[in-house]
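S.K.: Attaching a single structure in structure tokens format; questions to follow.
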């Protein structure tokens, strides 16, 4: 009886993307790239291999647990309307990204408990995680209560305080982008904190407003996280002679520890969020994901590549300003218009990058638009790679 119910649940909520395909491309590939970098440091390599297996386990838990989450969300009425579906009344579970966020946070806490003796900067690790937890809770409350816009500004400001403290307490060597501030005392430190606050506010909200079609929120996060592992693996490749205790190496290891479980969770969620979606990620996911990128920018010192990683989000924000500030009428949903006859998305004349794409390229299917925007995300991330390692 129970087995039959599980099979029925699997058939009903079976995602369009195959788990093993999505699992292999971003997670296994990024793991191979990362392990190839860590192998020169034998003291860390064994722990890192265990961590990779741990990340694979996290991905599997998220994937198979999401079936139950979708079922329970629908049962309790936590659903959203798929506005671009042929059947306009189709209901989709929301916030479907909740399990992934919870699994990630719990996995990071458990990792810190298991390997506490090996972590030299545990305080910074935990403070950064607190920022992610705060914004995840805010996103969940927003999904339930529909918070006002000003709370979504104040929330990231508050969440950035632990991150500022983490940066001030870090023993990592200062990034060259901020080296000129390192000797400027109090005022230089306050300016650095202001930058961290602004980055947190922008990142937390940028993914939230750069959304509206199946697969875009999770897809863009997955692309950016994948390139972060590449940046981290290429950053200062010194070979086997580099000491494990070197601050820059400690920073790289923390970047891996934050990013690989994030990729694991997103690889599983993307299977369900791809067109036609079985779940909507919800604001709990977009705020969680955006805060992750502000955290990894500070912890991993990715200041130079962040503008490239977030270039599509920045363009979308700049285009959206007239509607966001009230100069132009701003509807609740600024997504493209679905033409039921052609089954394609068209420009809805709202001020977003999605509509700009449709204006320039013409109507296209939702899946094609998602792929085009993810290709743009990939090109921008590649540009950051070229800039950081071949032009600086």
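Cβ coordinates are placed from backbone N, Cα and C, and glycine is handled just like the others.
So TrEMBL lists these for the protein:
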- 45-66: transmembrane segment (TRANSMEM)
- 96-115: transmembrane segment (TRANSMEM)
- 121-141: transmembrane segment (TRANSMEM)
- 153-170: transmembrane segment (TRANSMEM)
- 190-211: transmembrane segment (TRANSMEM)
- 218-234: transmembrane segment (TRANSMEM)
- 254-272: transmembrane segment (TRANSMEM)
- 284-303: transmembrane segment (TRANSMEM)
- 309-329: transmembrane segment (TRANSMEM)
- 350-365: transmembrane segment (TRANSMEM)
S.K.: Would you call the transmembrane segment (190-211) and the transmembrane segment (96-115) in contact, using three or more Cβ pairs under 8 Å, pairs 6 or more apart in sequence?
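M.R.: Not in contact, no.
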S.K.: Would you kindly list the residues that approach the transmembrane segment (284-303) from elsewhere in its chain, counting only those six or more residues past its ends and only Cβ-Cβ distances under 8 Å?
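M.R.: 95-98, 100-101, 104, 124-125, 128-129, 131-132, 134-136, 138-140, 142-143, 152, 155-156, 159-160, 163, 166-167, 170, 172, 175, 177-178, 196, 199-200, 202-208, 211, 217-218, 221, 224-225, 228, 231-232, 251-252, 254-255, 258-259, 262, 266, 269, 309-310.
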S.K.: Which residues of the chain, 6 or more past the ends of the transmembrane segment (45-66), have a CB below 8 A from one of its CBs?
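M.R.: Non-local partners: 13, 19, 23, 27, 31, 34-35, 38-39, 96, 99-100, 103-104, 107, 111, 115, 118, 253, 256-257, 260-261, 263-265, 267-269, 271-272, 279.
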S.K.: When each of 96-115, 121-141, 309-329 is checked against the transmembrane segment (218-234) for Cβ pairs under 8 Å, which one has the most?
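M.R.: Selected stretch: 309-329, with the most Cβ pairs under 8 Å.
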S.K.: Out of 96-115, 153-170, 309-329, what stretch is closest in contact terms to the transmembrane segment (254-272), meaning most Cβ pairs under 8 angstroms?
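M.R.: Per the Cβ count, the answer is 96-115.
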S.K.: Please indicate, using numbers and ranges, the residues of the same chain that are 6 or more beyond the transmembrane segment (309-329) and have a C-beta under 8 Å from a C-beta there.
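M.R.: Here the qualifying positions are 202-203, 206-207, 209-210, 220, 224, 227-228, 293, 302, 350-354, 356, 373, 376-377, 380-381, 383-384.
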